[in-house]
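As written in TrEMBL, here are the features:
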- Asn84, His89, Glu94: oxalate binding site (BINDING)
- His87, His89, Glu94, His133: Mn(2+) binding site (BINDING)
- 50-144: domain 'Cupin type-1' (DOMAIN)
- 1-26: signal peptide (SIGNAL)
Amino acid sequence: MESKISSCIVLLALAISLGIFQMASAGDPDILTDFVMPLEVPSVECFLLHLLRPEGPRDKGKHGRVSSPERTKRFLRDPACSVNPVHTHPRASELLFLVSGMLEVGFIDSTNKMFNQMLQTGDVFVFPKRLVHYQYNGDATNCA
């Protein structure tokens, strides 16, 4: 009789603990939009910053979203005439800083609108979270 009571208590404690653990969940909140475009900036310019280009503007006011805390950092040397195939980053944005050369970059938003830009040395480009994007080095002789 005592073993039945103790086994019932253990079973009840297990059921309560499973109910408590099942209710607990954690994760990043889901974003409602891909990005928010400012009205005064033309389409793709919102994602481009001429940060270290010698002749580029230094106005950081229009490009506040470059400092987003969720981003992926990478170092990749793109050989001449190469493509970094289309891919996504489901949990973070990607911040690309071009050290040397020229590179064509682009992404497609959730409304199937394509944004592409030709980057030069010193440019910074932001790929929004979860969007399909690519990098293409069309230079036949130089790495980017």
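Any Cβ shown, glycine's included, is placed from N, Cα and C.
TrEMBL annotations: computationally assigned, not manually curated.
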Distance, Glu94 (oxalate binding site) to His87 (Mn(2+) binding site) (CA atoms, angstrom): 11
What is the interatomic distance between the Cα atoms of Glu94 (oxalate binding site) and His133 (Mn(2+) binding site), given in whole Å? 10
Could you check the binding-site residues His87, His89, His133 and say which one's CB has the fewest neighbouring CB atoms inside 10 Å? His87
Using CB atoms and a 10 A radius, I'd like the single residue among the binding-site residues Asn84, Glu94 with the highest neighbour count. Glu94
Integer Å value for the Cα distance linking His133 (Mn(2+) binding site) with Asn84 (oxalate binding site) is 9
